[in-house]
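Student: Before I ask anything, let me first share the structure, which is written out below as structure tokens.
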Amino acid sequence: MKISDLTHALIRASEKGARIARAIRAEEELFSLLIEEKPEIIEHNKVKQDFKTLADVLIQETIKHDLAKQFPGLEKFVYGEEESEFTNTNGETIHVRVCDTEEETCSLLAKVLEGNTKAPQLLAKVVHEDVTLPDIEKISAVTEQLSLDSVGIWIDPIDATAQYIAGIEDECPVQGLYSNGLQCVTVLIGVYDRESGIPIIGVMNQAFSTRDTSTKRWQSRFIWGISYKSININSLEISETGSASHPAEQSGDLDETSSAQSKKVKMSHLARSNASQEESDIPAKIISSPGENPEILSKFSAKFQVVHAWGAGNKSLSILDNITVAYFNSGSAIYRWDTCCGHAILRTLGGAVLDFHKAWEVVKSCKDAGQLEDELQKTELTYHFKNVQKELGAKQWANCGGILAYRDIKYVSDILSCLC
């Protein structure tokens, strides 16, 4: 299969996922029925409440279904955060899947939703409708082939689930960064090489990027990257100052050549471009989650401006948009599906995602400055093996050593030397 065909298919799949997420949020009286609690998990020595939603499961299964239609057999190597089960409020567990017809899918969803007739019809319609987007010339120009048997895919169907559920619509960015709100929500799809574990394609869909003030409809922003052999291309355009710009970003609801949409997108992201690392006399920004280790935060704050936001995809996006220089998490609550997508896109810019604690050990122990970069690159995350420990459930796919994501390796030693 052509890399270009796969990447276009992933973009379409991500947009269908975003449309499902938006459709569910549009039905307020229904939304409370679509949430079930995940088991409590321990994170940063606190009990954190996480949530599983029908949207998570349905988006994941829809992406698998759509990819299988174009690339039969690929669905066997598509992995994600969610099990394809949903338990309704009556305690009945249903295996959620996309059926052959809209009617069959509607019937299945009606069981999940306990006889509710309106919601299954709405969801089945969105799941089965075709997503038509114009091909991207930059992607179409890639003629390289991939073997179907050589790739695996990690999906996070709704990253920043808590922000999706809370549904804050009027959050304003601070210095270009959305720390809360629907703008933090992303659909993440990352493709990796099954032999090496290295990520090669990333497609990120910011499902609630811009909102039309007259129709109140949300629109998507796509960010993609291909890093394979000698190919390193992405959807970002880098200005002479090094900041990312967003000139003809696609919306799921409007044609990418629409001048009105192009202007709207430019205006909506002007704050991000203006808020990039423009002034050399202010500390560079690094980003983490609000629950990060306070001792580590204190040490980093001596040299960097530490900012916080929700959503692994959103934090990776802050690096891609040149708002921050790095994203770190010193714990073990970030998973393969959280990082594979952003990692692939960062690689197109010369960046990567490292194992935080392994990289820290390298900085502490490496005596040869000339070898430091090579040694750090050996700590780069891969995505093909479970953890060695006999963990059960999601923990077998946790990035147990924490993560440090960057686009320029020169910042890595500066950041980690703060801990030495």
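Each residue, glycine too, has its Cβ placed from N, Cα and C.
As the structure is a computational prediction, the values presented were derived from the model and not from experiment.
Annotated Mg(2+) binding site per TrEMBL: Glu81, Asp156, Ile158, Asp159, Asp338, in sequence order. Positions annotated as region 'Disordered' by TrEMBL: 265-287.
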Student: Hey, for the Mg(2+) site built from Glu81, Asp156, Ile158, Asp159, Asp338, who else sits with CB inside 8 A of the CB center?
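Tutor: My list of surrounding residues reads Asp56, Gly80, Ile155, Pro157, Ala160, Thr161, Thr186, Leu188, Ala312, Gly313, Tyr335, Trp337.
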Student: If you count the C-beta atoms lying within 10 Å of each candidate's C-beta, which of the binding-site residues Glu81, Asp156, Asp159, Asp338 ends up with the smallest number?
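Tutor: Glu81, out of the binding-site residues Glu81, Asp156, Asp159, Asp338, has the fewest neighbouring Cβ atoms within 10 Å.
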Student: How many neighbouring Cβ atoms, not counting its own, are there within 10 Å of the Cβ of Ile158 (Mg(2+) binding site)?
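Tutor: Result for Ile158 (Mg(2+) binding site): 30 other Cβ atoms within 10 Å.
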